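First, the structure itself, so that you have it in front of you.
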Amino acid sequence: MNKQQLTAALESIGMRPGRGLGQNFLLDGNLLDYIVRLSAPQPGETVLEVGPGFGALTRKLLASGADVYAVEFDHRIAEYLRTHLEANNFHLTEADACRVNYLELLPQGRPFRAIANLPYSISTIFIARMLDLPAPPEAMFFMLQREMGERLAAPVGTKDYGALSVRTQLRYEVKLEKIVPPEVFFPPPEVDSAIVSFRRHERYSADKELCRLLPGVVKTVFAQRRKQLGKLLSNNYGKEKALPALEALNIPTETRPDKLSVDQYAQLTRLLFDLP
């Protein structure tokens, strides 16, 4: 869909893109093809798409033969899709993607991928929702703000490394695949974007209790990231738990939260909660 076609589609439903909804429609067909090649959806595979817009990416996903479950917040766009996009493998839900019950929306017991030009205003909340699912996506491929992508992929010890970095990297290998300039969108965002891949690894996926408890630990310590871990953990979990756990891992009590790797946070969580 080029800019002229997009403008016509917008006019047909009497709307303009709203920055408050994070609506930046991707115009570049080559980038859409790149996302599909990168994510490689398979026939019959379940794919979740959030913010399908007027269906530019959706059509390409459907052409792969995947079963596409799309969630669109804007009623006018949802009506447009119902009228213009008819396919047996297309399933549209009109709802807030941050509030949807995905256990009810998606086929139970089937693995799925999430592939989307994700509305930037909901990216943090939505990705956290995916991480909290009992069975998170096998893989995710998102267009995100570049800054957001850098936070998610940030290595330990950097300024961008935070609670969401640890939570995401506990389950996924995160990689910025391509930097995308503003001019390929309408309206153009004010910052660069990035196509980011999340490929699930199995180091911790089977440890349900660890995956459930670790987010609380990292949220607690990164809320005061300039403070020392000994004090932060003692205040929240008690000295009798915190200090022996740090000692067992050879972590000095004065260490700051951003100096611990994902593996160290996993080990620390196990000790704090007596996990095997």
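Quick reminder: no glycine exception, Cβ is built from N, Cα and C everywhere.
TrEMBL entries are annotated by machine, without manual review.
The feature S-adenosyl-L-methionine binding site is assigned by TrEMBL to Asn24, Leu26, Gly51, Glu72, Asp96, Asn117. Feature annotation from TrEMBL assigns domain 'Ribosomal RNA adenine methylase transferase N-terminal' to 31-202.
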Please work out the number of neighbouring Cβ atoms within 10 Å of the Cβ of Asn24 (S-adenosyl-L-methionine binding site), leaving out its own Cβ.
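I get 24 for this one.
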Looking only at Cβ atoms, how many others are within 10 Å of the one on Asn117 (S-adenosyl-L-methionine binding site)?
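A count of 27.
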Between the binding-site residues Glu72, Asp96, where is the Cβ count within 10 Å the lowest?
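Among the binding-site residues Glu72, Asp96, the sparsest Cβ neighbourhood within 10 Å belongs to Asp96.
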In the structure shown, which of the binding-site residues Leu26, Gly51 has the fewest other Cβ atoms within 10 Å?
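So among Leu26, Gly51, the binding-site residues given, the one with the fewest Cβ atoms within 10 Å is Leu26.
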Can you give me the average pLDDT across the domain 'Ribosomal RNA adenine methylase transferase N-terminal' (31-202), rounded to a whole number?
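Mean pLDDT across the domain 'Ribosomal RNA adenine methylase transferase N-terminal' (31-202) comes out at 97.
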Roughly how wide, in whole Å, is the group Asn24, Leu26, Gly51, Glu72, Asp96, Asn117 that binds S-adenosyl-L-methionine, by largest Cα to Cα distance?
21
If you run the three-state DSSP split on Gly51 (S-adenosyl-L-methionine binding site), which class comes out?
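Where Gly51 (S-adenosyl-L-methionine binding site) sits, the three-state DSSP reduction gives coil.
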